[in-house]
Amino acid sequence: MSPGSVLKTAPGAYLSGFGNEFATEAVPGALPEGQNSPQRAPFGLYAEQLSGSAFTAPRRENRRSWLYRLRPSANHPAFQPLAQGLLRSGPFDEVPASPNRLRWSPQPPPAQPTDFVDGLVTYAGNGDAASGAGISIHLYAANRSMVDRVFFDADGELLIVPQAGRLRLVTELGVLDVAPGEIAVVPRGVRFRAELPEGQAAGYVCENHGAFFRLPDLGPIGANGLANPRDFLTPVAAFEDVDRPTEVVQKFLGRLWSARYSYSPLDVVAWHGNLVPYKYDLARFNTINTVSFDHPDPSIFTVLTSPSEVPGTANCDFVIFPPRWMVAEHTFRPPWFHRNVMSEFMGLVHGVYDAKAGGFAPGGGSLHNCMSGHGPDRTSYEQAIQADLKPHKIKDTLAFMFESRWVIRPTRFAMETPALQQDYDACWAGFQKAKLP
């Protein structure tokens, strides 16, 4: 929390559900009853609609919230360009796209005081914000809270995956406390401040320029399973009444812009709607897997999906590989060898990924683009084909994947950083040729 600010919060901490119409007020009586924009809002608050979709979008796709705030959002000076450091957006054409398998070691923590915004580094992406399609993949590393500084992204919604250190996201609509093993999603345009309760934090961000993340259809799985709606948590209303200079940074068409407000814009006293920030504990994921034979397709591990115009072919799927029982009979249990029309960026929150015995460390990443062969390394393969196939639980692990229908293009930084493992291809060296009779 910024020095001297007092956050006033509604009773309780979170509202349960995914895609719900929520209503919450930090001060009793602040939320108008029966209409959105009365002639005079309670207490002289300003009624403001935040639209995340076109007015005429189908109801099932329509996202908007009504905010009741101390000052209108329009009350601010002009924004000025701000140095963007290593933050990038599409089109990702700094360097030629590479068909090679790529893997990165974790980056060292920052040596200088660095907050969440300054600590964002773009590794790869596709599409671009102007087209309303694609994703940008960033890593963050920070060692100080944002103080008298607020950020919002006009280019897309942010799916944040903490890897080390908790984040406290103080948003316009309330507070999200997010720890490693959880995720948070902040909608396009929602302003927030990232605080570091433990003094340091690192993790991953998927900036989604396309359709909203939503729960995947379950098909024959039925009405329950995977990520259940009740386990998603949206914050209750919270606001601060601060008349002190505050820097507001926005990302707009790939560039950062800054304006100096005379107050904190985190001043929404009450709100209702369905365009909301939310968090989810990945330990609540109801993992589906085989109880007979073979390794099912990894789509069974999808937490959230951003669809494209092609049915079943995602702009981005967010997939996890959590602790789970492996019981398949007469089966090669790790993920099999694969060439995929989709492109895959993987990260590791903690533990060891079951298809890589070494080299893939928490805080690192890997990229396997369209039709690049990948799969278990030789050590993992040899262990798996000789394993005693009794029931086995994979414990203390959490890997994830951002999968996209479009080629994921690395940035110049990602291709030139010393963290890029030049020997990654060697993990597939030494496989013996099969011997035919």
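The backbone N, Cα and C atoms fix where each Cβ goes, glycine too.
Feature annotation from Swiss-Prot assigns active site, proton acceptor to HIS295. The Fe cation binding site feature in Swiss-Prot is assigned to HIS338, GLU344, HIS374; the stated evidence is sequence analysis. What Swiss-Prot records for TYR353, HIS374 is homogentisate binding site, and it gives sequence analysis as the kind of evidence.
A map of Swiss-Prot features onto the structure.
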residue : record                       : Cβ neighbours (10 Å)
HIS295  : active site, proton acceptor : 16
HIS338  : Fe cation binding site       : 15
GLU344  : Fe cation binding site       : 21
TYR353  : homogentisate binding site   : 24
HIS374  : Fe cation binding site       : 20
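The record gives HIS338, GLU344, HIS374 for Fe cation. Within 8 Å of the mean position of their Cβ atoms, the other Cβ atoms in that chain belong to PRO335, ARG339, ASN340, HIS368, SER372, GLY373, GLY375.
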